[in-house]
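Copied over from TrEMBL, here are the features:
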type: REPEAT; residues: 11-102; note: repeat 'Solcar'
type: REPEAT; residues: 111-202; note: repeat 'Solcar'
type: REPEAT; residues: 211-296; note: repeat 'Solcar'
């Protein structure tokens with residue numbers, strides 16, 4: 001990231017990957033109910049099991065889930081979510097600087113906007129390729145509805161979900177929705193990483209803020225808003241397609257067309273409020289934690305390498 005003082009030792013790639021994964025898991029722990037509410041709002045209107053339950057707004061969705069499914073329901077899929085973040089964020093965030101430097105021509109002082117966008121797309125696509133099964137399982141858990149004590153969930157646990165999906169839908173079932181997810185996360189990663197990078201750089205260059213919490217907060221909040229605006233349509237299609245039973249949609253494009261025909265173009269922004277609340281708060285918590293973890297891990301590494 002930009003803004004490191006000359007006297008500071010730049011964090012290694014390993015430190016960035018470990019710090020990004022850990023910070024993302026911490027942010028997920030605090031914001032996961034918002035993500036679950038977003039998924040429920042996005043699939044509302046297509047899930048037959050949920051026809052008797054209507055969700056209205058972020059808080060209303062969470063309260064309805066707690067009332068009808070129990071207090072643990074907003075955290076359905078948390079284990080898979082943590083699996084996802086540890087592998088996904090480590091790649092898309094931890095490798096961003098390295099990939100950006102790789103694309104930057106030798107002798108150039110700074111990376112231009114095109115190089116930053118290319119780096120964001122690259123690490124976003126790489127991350128999805130590695131972490132797609134964890135995302136499929138997370139969405140399935142978040143979308144599953146259990147009404148009353150007599151009903152049962154399809155999956156007894158996270159590992160059972162991996163096994164069941166592979167057994168019933170084949171190996172490809174764990175990679176369902178890879179292309180819309182690559183599209184979605186390339187967009188999100190560009191919006192998040194490039195926006196954060198540029199805002200932080202401008203704040204530091206103009207000396208409006210120093211490289212500390214206020215600077216990280218403002219940059220992360222802007223990144224979260226930008227990511228939500230550009231990624232919501234793809235996110236809705238991705239969620240619908242990954243949660244659909246076999247045969248419901250022929251392809252992500254078919255899912256998108258049916259969504260427009262049956263529910264109108266505004267359906268692309270279903271769950272926008274929880275998406276923004278979640279992405280905005282997630283980005284703030286993740287980037288602030290990430291910046292502090294990088295410094296802490298580098299201090300530990302320097303102490304271990306010091307002869308004294």
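Cβ from N, Cα, C; glycine included.
Each residue in the repeat 'Solcar' (211-296) has a pLDDT score, and their mean in this model is 87.
Helix first, then strand, then coil: DSSP counts for the repeat 'Solcar' (11-102) stand at 71 helix, 0 strand, 21 coil.
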